[in-house]
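Engineer: This structure is in structure tokens; I'll ask about it shortly.
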Amino acid sequence: MKIADIQVRTEHFPLTRPYRIAFRSIEEIDNLIVEIRTADGLLGLGAASPERHVTGETLEACHAALDHDRLGWLMGRDIRTLPRLCRELAERLPAAPAARAALDMALHDLVAQCLGLPLVEILGRAHDSLPTSVTIGIKPVEETLAEAREHLALGFRVLKVKLCGDEEQDFERLRRLHETLAGRAVVRVDPNQSYDRDGLLRLDRLVQELGIEFIEQPFPAGRTDWLRALPKAIRRRIAADESLLGPADAFALAAPPAACGIFNIKLMKCGGLAPARRIATIAETAGIDLMWGCMDESRISIAAALHAALACPATRYLDLDGSFDLARDVAEGGFILEDGRLRVTERPGLGLVYPD
């Protein structure tokens, strides 16, 4: 079960539905695809989608971290020593979380294939399936409502709405959306760090009035002090995203009084399944719910996140829609989307079907 070859390439993915969030617009993305082959013929897959605005990792830095010459230490290593390999990934690539994540998930894929089981079973399944949200970017009211109707028609019952920080615009969109949905879907909101303290208090009043599920990352990432100054009831409705990169952040956020009630884990922020599961353990111990999110990603890494999410008892929310709007992808399988719910396949490993 020794590693015989590692190949990395860049794939360009146009989006079928470009969108805007508080700090940028997104029309296309690049992912790095990782293939790790063992001497006995197994193929493990990983994908990296670095997000410079969140982690500081550029596509160029990610590519450099995955340069073939820098991965020589993995050649000949036994995949069954997975915990040690993941530990070494963190030591060798500390500033490249997306690169680490791609290698980490490919190694997990291989180990689960070696054992002949879906990865979620190796990790310890806690859920069979969960509903995922789909994201509506920042756009005019009528376009927001039209997109919401499209998602409802496709069976989705959880919508995440991006906010811009302009209260008049944000509140009008949310009120009109509430009227249009008429109880047919749950709404959660994501200001992407665009609110200040007074604005958040006004937003929270609207959240309670409209029955909105929670608020994701209202404040700038460094303002944990603003979060802790909020009443406990409001903090419980806050999900930390940009404030939560790795396990150290999770530990700090969970320290009493907990700064939030929900952790949004993303493999591209934390560096893969191994650190994600450490974050999950901290959350479960502290009584914090888990949300599993993503960047715009190939279904390879979405599948990896889903396997991890379904193996954590504290998982309450999924926001794993990152591959839905790709105009094309490099793999199939990995998960099944049905009536807005995600479940993994019964194939071993990540369950992906890949043209070899």
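Heads up, the Cβ atoms here are built off N, Cα and C, so glycines get one too.
For reference, Swiss-Prot lists these features for the protein:
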BINDING   T135, K160, V161, K162, K266, D296, D319, L320, D321  substrate binding site
BINDING   D190, E216, D241  Mg(2+) binding site
Engineer: Within 10 Å of D241 (Mg(2+) binding site) by C-alpha distance: pick out those among the binding-site residues V161, K266, D319, D321, and say none if nothing qualifies.
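Structural biologist: Those close enough are K266.
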Engineer: Work out how many Å separate D321 (substrate binding site) and E216 (Mg(2+) binding site) at their Cα atoms, rounded off.
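Structural biologist: Spelling it out, the Cα of D321 (substrate binding site) and the Cα of E216 (Mg(2+) binding site) are 16 Å apart.
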Engineer: Would you mind checking how many other C-beta atoms are within 10 angstroms of the C-beta on D321 (substrate binding site)?
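Structural biologist: Other Cβ atoms within 10 Å of D321 (substrate binding site): 22.
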Engineer: Can you give me the Cα-Cα distance between V161 (substrate binding site) and D190 (Mg(2+) binding site) in Å, rounded to a whole number?
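Structural biologist: Rounded to a whole number, the Cα-Cα distance is 6 Å.
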Engineer: Does K266 (substrate binding site) have same-chain partners at least 6 apart in sequence with Cβ under 8 Å from its own Cβ, and which are they?
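Structural biologist: In sequence order, D241, W292, G293, C294, M295, A305 meet the Cβ cut-off.
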Engineer: If one measures from the C-alpha of T135 (substrate binding site) to the C-alpha of D190 (Mg(2+) binding site), what distance in angstrom results, rounded to a whole number?
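Structural biologist: Answer for this pair: 9 Å between alpha carbons.
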Engineer: Does D190 (Mg(2+) binding site) have same-chain partners at least 6 apart in sequence with Cβ under 8 Å from its own Cβ, and which are they?
Structural biologist: I21, T135, K160, V161, K162, L163, I215, E216, Q217, D241
Engineer: What number of additional C-beta atoms lies within 10 angstroms of the C-beta atom of D241 (Mg(2+) binding site)?
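Structural biologist: For D241 (Mg(2+) binding site), the 10 Å Cβ neighbour count is 25.
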Engineer: Let me check the 10 A CB neighbour count of T135 (substrate binding site). How many other CB atoms are there?
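Structural biologist: Neighbour count, Cβ to Cβ under the 10 Å cut-off: 23.
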Engineer: Cβ-Cβ under 8 Å from D319 (substrate binding site), same chain, 6 or more residues apart: which ones?
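Structural biologist: Set apart from D319 (substrate binding site) by at least 6 residues yet with Cβ under 8 Å, we have T132, S133, T135, K160, N264, M291, W292, G293, C294.
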